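In what follows, a structure is listed as structure tokens, so that the remarks can point back to it.
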Amino acid sequence: MENNQQEKDARKQALDDWLPITSSRNAKWWYSAFHNVTAMVGAGVLSLPYAMAELGWGPGVVVLILSWIITLYTLWQMVEMHEMVPGKRFDRYHELGQHAFGEKLGLWIVVPQQVIVEVGVDIAYMITGGKSLQKFHNTVCPSCKPIKTTYFIMIFASCHFVLSHLPNFNSIAGVSFAAATMSLTYSTIAWTASVQKGVQPDVQYTYTASTTAGRVFNFFSALGDVAFAYAGHNVVLEIQATIPSTPEKPSKRPMWKGVIFAYIVVALCYFPVALIGYWMFGNSVADNILITLEKPRWLIAAANLFVVIHVIGSYQIYAMPVFDMLETLLVKKLKFTPCFSLRLITRTLYVAFTMFIGILIPFFGSLLGFLGGLVFAPTTYFLPCIMWLAIYKPKRFSLSWFTNWICIILGVILMILAPIGALRQIILQAKTFKVFS
């Protein structure tokens, strides 16, 4: 009996040593910092001025600030809950969900949402990377023969057929650092170039839609765009799992240090881009502010290239937990032997799948508002609060109880309203691409 248990423990340890989330636990606090920056400050930051145009000055500023505060609070909760049980670490989001809601219910609540977020982000970044490469090509060589977006998506995907075979989070630290640096760089370019261009002579801050219904739907969709910009929670436990931990030096200390640094960078990226971009261009700003900024040509070309480098890192950050889920399923449930060939086939097929969907649905970016409300809002804004209430059971009407319920109510409102507005945008975009004709 004892031998059987030892064999099970040995097999479990061998699997943990192979899986990408748990195979390396020697990360430093700055790994947490740039992994979180890479996960959060995605290409969605470039759409924030457009979201401001649909929200308006007052509501837009309130939504941006509230989102920053609420998501920082829920991120703190997840960092704290990572090692709430002595001697045990919740290395994956679904493991924490299982502890809060039960073995089966926790899986059903967390896994579908987390998979939709991570796969959806990877598809969106596949398209963003391809379009940014195309914008770089067109800016550098405006007289060259136009090349279809499809080919640029394939070019962007080609690097992931190589990078996706890096074994774990710590092995992509260099890629993530480069991506985090690029996110701060292109965000700075976006708002400084906007300042240089100045307030446009015909700038208007009115809503773009001519009807009340249109303005309402656009407002709801913009809420989803903001929610998409704060999506880093879906990989935070997996990032923390890479940090060593002892009773004397728990992982939450370096992790939280990295999170604070990351959120300072988030503020430095989000607020100047959103507010200055809207201030300079008003409601004429494009859904990607780099499209609005056409000059100086060399600077905009560089910014688009920086976006490409950043989304390469972001893609890998969101893909790693998906690889972990797939490899766990194949080994534990389907009894495959953990080996390089299994990893090679699984990860290659995943990259090919996200590339294919990106090529098939080039307007997938329009789904971000829909996804932002439907699954990004729960996993980021209020699911951590529900787990906190279920596990810690704070006294009714205490500060903790009150704060969590405020976050839950605001998050549920966001989850309901954002998909409604985004659905209209998706239908309009689909008609433009003749999906329904």
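Including glycine, each Cβ sits where the backbone N, Cα and C put it.
Positions annotated as domain 'Amino acid transporter transmembrane' by TrEMBL: 26-422. Look at TrEMBL and you will find 29-51, 57-76, 259-281, 301-323, 344-364, 370-392, 404-427 tagged as transmembrane segment.
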Counting Cβ pairs closer than 8 Å to the transmembrane segment (404-427), the top stretch among 29-51, 57-76, 301-323 is 57-76
Which one, 29-51, 259-281, 301-323, 344-364, 370-392, has the most C-beta pairs under 8 Å toward the transmembrane segment (57-76)? 259-281
What stretch, picked from 29-51, 259-281, 344-364, has the most CB pairs under 8 A with the transmembrane segment (301-323)? 29-51
List, by number or range, the same-chain residues at least 6 past the transmembrane segment (344-364) whose CB is under 8 A from its CB atoms? 119, 122-124, 126-127, 130, 149-150, 153-154, 157, 160-161, 164-165, 319, 322-323, 326-327, 330, 426, 429-430, 432-433
Please indicate, using numbers and ranges, the residues of the same chain that are 6 or more beyond the transmembrane segment (29-51) and have a C-beta under 8 Å from a C-beta there. 60, 64, 121, 124-125, 128, 132, 169-170, 173, 176-177, 179-181, 183-184, 186-187, 190, 222, 225-226, 228-232, 234-236, 239-240, 242-243, 254-255, 257-259, 261-263, 265-266, 269-270, 273-274, 276-278, 281, 285-290, 292, 307, 310-311, 313-314, 317-318, 368
Who are the chain neighbours of the transmembrane segment (259-281) in space, where the CB to CB distance is under 8 Å and they lie at least 6 residues beyond its ends? 30, 32-34, 36-37, 40-41, 45-46, 48-49, 51-53, 57, 60-61, 64, 68, 72, 75-76, 79, 180, 183-184, 187-188, 190-191, 194-195, 197-200, 203, 205, 229, 232, 236, 289, 292
